[in-house]
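Shown next, in structure tokens, is the structure this report addresses.
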Amino acid sequence: MTGRWTADLIFGARLGWAGGRDGWIRTAMTAVGVGLGVAMLLTAASVPAMFQGRHDRGAARDFSASIGAPLAKSDRTLTVRRYETWFRNSSVYGLELQPDGPGAPVPPGVDRLPRPGEMVASPALARLLATPDGALLAPRLPYRMVGSIGADGLIGPDEYVFYAGSDRIAGREDVYRIDRFGNPGGGPEELSPMLALLVVIIFVVLLLPIGVFIAAAIRFGDEHRDRRLAAIRLVGADSRMARRIAAGEALNSAVLGVLTGAVFFGVGIQFVERITVGGITVFTSDVSPDPVFAALVALAVPAAAVGITLLALRRVAIEPLGVVRRAGATRRRLWWRLMLPVLGLALLYPLIGQVGATGGRLANAYQVAAGAILLLISVVAVLPWLIEGVVRRLRGGGVAWQLATRRLQMGSGTAARVVSGIAVAVAGGIALQMLFSAAAAANTVETGQDTARAQVQAGFGPGDGPMDAATITATFRAVPGVRSAFTVTQFYGVDPAAQPSASGQPVISVLIGGCGALAEIAVIDHCADGDAFVVNGRGEAGAQGAATPGPGQRVRIGDVEWTVPAAVRPALPGRDPLGREAGGVLATPGAPGVAALPAANVQTLMRVDPAVPDVYEHIRNASFRLSPDGYVNLLQSTRESDRFTTIRKSLFVGLVITLLLIGVSLLVSMLEQLQERRRLLAVLVAFGTRRATLGWSVLWQTAVPVLLGLGLAAVAGAGLGAVLLGMIGEPVRFDWASMAGVAGVAAAVVLLVTALSLPALWRLMRPEALRTE
Amino acid sequence: MNDRGVPLLVGRDLHKSYGPTAALDGASIHVRAGEIVAVMGPSGSGKSTLLHCAAGIVPPDSGRISYDGRELNAMSDVERSALRRREFGFVFQFGQLVPELTCLENVALPLRLDGVKRREAERRAAGWLDRLEVADIAHQRPGEVSGGQGQRVAVARALVNRPRVLFADEPTGALDSLNGERVMRLLTQAARESDTAVVLVTHETRVAAYSDREVVVRDGRTRDAELVA
Amino acid sequence: MSIGQAFLGLLESQPRHGYDLKRAYDERFGQGRPLHYGQVYATLSRLLKNGLVEVDSVEPGDGPERKRYAITAAGVTDVERWLGQPEKPDLHLQNTLYMKVVLALLTGRGAADILDSQRSEHLRLMRELTRRKTDGDLADQLICDYGLFHLEADLRWLELTAARLDDLAGKVRR
Ligand SMILES: Nc1ncnc2c1ncn2[C@@H]1O[C@H](COP(=O)(O)OP(=O)(O)OP(=O)(O)O)[C@@H](O)[C@H]1O
Ligand SMILES: [Mg+2]
């Protein structure tokens, strides 16, 4: 028995090769299709390792473990100071390092500590500095490059990192003394349950269509194969042998597909370092699929190929004189198809309201995934029934419409099969979008910053050297692209007469700035240099804010005692562009006693013309020239969780890739069908059929199932989305715009497929096909 | 019979090569209105190619084809298609009916391609199916009827738009004698009644005997019996 | 019968003695029924009389005189006319048609022309029969069909023979 099985399987496998050029092309097509799918699966299987690698290296260079308790200076300690700046949209992470002795720890990826004035940089940063654009960053890194940081010291290949040697940071306030790098417990925080839910759903949504795609790829060239099997039956094979031979053929191309997939994957990851998804790039070495999962793929895909083939053949009777499709005879049944969504809902329903939007972990990830998979798979199950039922009722219309609908009536199975991939992707996409709208609301923080009034904030601390506000303002104003700038100096003082209490002394905020600057902060009727105001507001100091000081109030600031001028006038509190409410004393530089105040924090707010290229880089450089230790922030009205942004971007990319992949299978089946009908097409051309008529019929033939699929997908996706929203306790909202967006991408894919199949149609419409083969 | 007026369709000195093989090598043909011309010759001699060229389906490499005073070569593809749609009809050996459409819809197709409303087109199609004695299978699909029935449906389809020239390439090639006879009888009868000229490619003399005149093709060259005589 | 034309055709390829002529004829067209000598000499003398053949040479000897016959220009014309002229379709035509094909090939003429003109002639009759059949009653149809099938068989046989012999043309000529 097994002998016969193997013999037939091998015979089938050989047929895949021996079928002449056509057979060869079909085998290759299936192999490439399956290969693409397998490569995607392997990529997905590598994601955990990818994140693990990034996480591990992040932890390895983290030095916070030794921050807890202050260390005594020793031979084995190192003083570090974080230096962080931005270049365009990428952050540049740097440390200034000053060893306390010869045994000082060395960060990973570096052999030795750079000497003062030297630096080592990540390859990406070194490359950047070598380009003309790098000249915008170079002034901020005034070190001699003496080496590069190895991959084990970097999270990703695109990271901008440098370590600079220094001999002047010891003793500063903003430094840490450490004795080692590496923090096993450190690294990025865990995903919140909502984000975890999103990730689970994203995986389901992206992987499911790939599965559908692989299933479709295995059935490329089905009808041709059936006819070949009929010929084999004619020479004496029985129907079971025919089935086994078919299984052998499928097995052959599936195994070939797995190998192709491995090659695609192996070649693809060589280029992975050049790909940025949501600002993340990964090392080739990080992309290694989970071995268990990879083995599973390698076994499951061929097994599925055999299973799908045998299942598909149950609807087909291969007789010696040809192939009889049984589809017409048995109407598709609905009840078992509806079981899937019901089961899925049954799994998800108990979780409604159970997944906390914040805090805790996503405990039921598997249940969620299973439920979501069932709901999405039900699209695949219901779609053939839906298409068959609807198409049966279509009639009338023009010739193109008639040709298309009649063709679908004859057999809509292939169409349903191919479209179901699109439908699953769209349904998942819609559910995700709904979840995203909610997650976006939850993960987006209103910063209160008013970006209409200012776009950039720069600041310096008292330790950054004595600087007067006028110089700072003038320097920034001189940067091309800066439209206006105002600078304030912030002092915090205490009432020398007040007794220190348990909760500490009340703080009195004193803000010095020009009249223009003060007008941005508080509502001031008129102002001239020398004026001072008191504002009854909470002040930046928040809860600790002192009672509003009155005229003559004495304030101790550092070593200096200052008296609130007698001519101080009350003013109404306003909000500065950062959204902070002013409070305390506001004084102009000419007010009495102000000149005697010590150095303090200085802040400049700027309005810029964002159209001026690299205006932010020029501002950063100006700030660096004033003092290397200043900071520059860009104002944002809202701040999304970085991680969230990344997920959203990757989702969209993944969805588009998936849809394109499915577009490929749509195209293949379309071309196959056209090829099959070439003689008929030629006859129609002989009859004087217009090209447009046939083009339209091709479009309708694709569009009708796709439209039905999209409709079903919208229902299933909205349903899944609603359940998921219910799970995290969010009100159900339908995000029509993004639903339309997802559907639009799918529709674009259909149009693309039709457009791409038209050249083949034109070619096949040439009269040569009139010849009988 | 020799002087029935000016020819409706004339192809002169046609050449057509597919790569190194010369399918037509100076073939000529002329067809008068209402005349049935048999094109005979051994297999591979270029009969089908001649038919395709004469019908404006395949453009010849050289030579001229005129139909009703118009040069086919000078027409655009769109114009030629329209010409085929309105003035010509076609019957091939097999595999010509659209498998998804019923026989009736197949026959109505040329009319609908030319913009006739569906109801009207199907009414006229039903009439033709009746004339060709296959009215009973009107609502069956081509896959469900016999070869002879299918061929009669094809003849009905070729004649439904009352073409002035019917091109038939081995219309009985796949049929037995009786069915072949039937198809030929109905075809020629219908053609004569509607004054349709027929270009009939066949290698069977018995089928050719339904013609008024024969043209023999050999190695891509024609010998028009009438011109020789 | 057209023994005369057959002799002329055989002589066109090369001059022969009477005896050789009989042998060549029997071999190719005799079908187990050899010609009588009387028939041979009667035919030859008719051809001589009509100036279609001439005595090429006489070999002295004891037995019957051995004359070698050759075809004349008039004889060649006669063969050509005969070959080019289609036979009246008839149900027992094969012999003549076969003879024509072989002789055409022997004398270096193509068989296709014979086929074409014969087909044209056959078709004329077949069209007639077809017309009678279409207009007639059942009896007419049956009779006409009988004729049509036989005539078609003639042509098909002729077609096949011509094609085969064309293939073998080189051999036959040798
Ligand atoms: N599309 C084509 N590509 C290549 N060669 C062709 C093509 N069409 C015809 N030929 C060649 O041209 C020659 C004539 O072909 P054609 O089909 O006209 O012959 P036919 O007389 O119809 O033969 P049959 O009786 O077998 O149908 C053949 O040698 C054929 O191989
Ligand atoms: Mg042909």
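The count begins at 1 with the first shown residue.
Positions of Cβ are set from backbone N, Cα and C atoms, glycine also.
Those TrEMBL annotations? Automatic predictions, nothing curated.
In TrEMBL this protein carries:
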{"type": "TRANSMEM", "residues": "A:31-51", "note": "transmembrane segment"}
{"type": "TRANSMEM", "residues": "A:194-218", "note": "transmembrane segment"}
{"type": "DOMAIN", "residues": "A:201-317", "note": "domain 'ABC3 transporter permease C-terminal'"}
{"type": "TRANSMEM", "residues": "A:250-272", "note": "transmembrane segment"}
{"type": "TRANSMEM", "residues": "A:292-313", "note": "transmembrane segment"}
{"type": "TRANSMEM", "residues": "A:334-352", "note": "transmembrane segment"}
{"type": "TRANSMEM", "residues": "A:364-387", "note": "transmembrane segment"}
{"type": "TRANSMEM", "residues": "A:415-436", "note": "transmembrane segment"}
{"type": "TRANSMEM", "residues": "A:651-668", "note": "transmembrane segment"}
{"type": "DOMAIN", "residues": "A:653-758", "note": "domain 'ABC3 transporter permease C-terminal'"}
{"type": "TRANSMEM", "residues": "A:706-728", "note": "transmembrane segment"}
{"type": "TRANSMEM", "residues": "A:740-762", "note": "transmembrane segment"}
Q: Sort out the residues at least 6 away from either end of the transmembrane segment (A:292-313), same chain, that have Cβ-Cβ distances under 8 Å to it, and list them.
A: 34, 37-38, 41-42, 45, 214-215, 218-219, 222, 243, 246-247, 249-251, 253-255, 257-258, 261
(Q) If I count Cβ-Cβ pairs under 8 A between the transmembrane segment (A:334-352) and each of A:194-218, A:250-272, A:364-387, A:415-436, which range comes out on top? (A) A:364-387
Q: Between the transmembrane segment (A:364-387) and the stretches A:194-218, A:250-272, A:415-436, work out which stretch tops the count of Cβ pairs under 8 Å.
A: A:415-436
(Q) Is it possible to list how many residues within the domain 'ABC3 transporter permease C-terminal' (A:653-758) are helical, extended or coil according to DSSP? (A) 93 helix, 0 strand, 13 coil
**Q.** Model confidence over the domain 'ABC3 transporter permease C-terminal' (A:653-758) (mean pLDDT, whole number)
**A.** 82
Q: Could you put numbers on the helix, strand and coil content of the domain 'ABC3 transporter permease C-terminal' (A:201-317), residue by residue per DSSP?
A: 93 helix, 4 strand, 20 coil
